[in-house]
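Here TrEMBL flags 68-103, 104-139, 151-186, 188-223, 265-300 as domain 'EF-hand'. Residues or ranges marked as signal peptide in TrEMBL: 1-19.
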Amino acid sequence: MDLRQFLMCLSLCTAFALSKPTEKKDRVHHEPQLSDKVHNDAQNFDYDHDAFLGAEEAKSFDQLTPEESKERLGMIVDKIDTDKDGFVTKGELKSWIKHAQKKYIYDNVENQWQEFDMNQDGLISWDEYRNVTYGTYLDDPDPDDGFNYKQMMVRDERRFKMADKDGDLIATKEEFTAFLHPEEYDYMKDIVVQETMEDIDKNADGFIDLEEYIGDMYSHDGNADEPEWVKTEREQFVEFRDKNRDGKMDKEETKDWILPSDYDHAEAEARHLVYESDQDKDGKLTKEEIVDKYDLFVGSQATDFGEALVRHDEF
């Protein structure tokens, strides 16, 4: 399977994913937990390490001496301090935690970047993306697989333009990340809602009624009896999804469903780290304050591993 086929498959799986009749399709985007460990600083700081670094990177710090941990933590602090004023604010810390938790997303973008940046200028234009993704598929008016690639391209172009903040049809890496993973960006949430409604709203009246809602999750496929979870979803639609009780979900109701306002774990952890480390209580952290509390942020083994120290290029 070449890159274009893979990307097409990915796009189709996202938009038109098929479920087995008894399986529930989940369209709701939840903020993941920062760690699967218990947050109890009285016992250990394992939760904080996972939150601050990401679970995989946190493991590497466990193999370092205190001196090596402090050195690498100092380098991380320089990255967190995005405005270079010598302080780390709660906002900067929250952004870093979110970035660390979403590393898999950025890795995915990095893996695709070179394939799309055809002229190697560090940017990806709409033309580059369109040519790599669709190419000669657009020349075939009747593709064997039955998919309407021109319609898919129009949808992709609309999302690309939404991600492209300055409107020049050229995406920076951050804009391209927003294009590939719109659910992760506040300014892209309307397009996530719009695409979801287009997928489910079969009669194209601009709303999602009960049968469309259920039909997106479950196909009767000749079965007369619905599973219990389908009955529960019908109740959920009537009691909670359709807030104004008009028998259908509008744009705002759909947004509340698929993009719920979850508890902000990253913000809570940022507040916690600042509270525990802010020695002069000015509401922000210096590099010294953070490094002094290195065991809270990153941890280490209190032994000398010498040449066996684990090193990672990212930091």
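A Cβ is built for glycine as well, from the same backbone N, Cα and C atoms used for every other residue.
Each residue of the domain 'EF-hand' (188-223) gets a DSSP state, and the totals for helix, strand and coil are 21 helix, 2 strand, 13 coil. According to DSSP, the secondary structure content of the domain 'EF-hand' (151-186) in residues is 25 helix, 2 strand, 9 coil. With a threshold of 8 Å between CB atoms, the same-chain residues lying at least 6 positions outside the domain 'EF-hand' (265-300) that come near it are 31, 33-34, 41, 45-46, 48-49, 51-53, 58, 61-62, 64-66, 68-70, 72-74, 76-78, 81, 86-91, 93-94, 97-98, 101.
Panel annotation: around the domain 'EF-hand' (68-103), residues 32, 34, 51-54, 56-57, 61, 184, 266-267, 269-271, 273-274, 283-287, 290-291, 294, 297-300, 309, 315 of the same chain, lying at least six beyond its termini, place a Cβ under 8 Å from a Cβ of the stretch.
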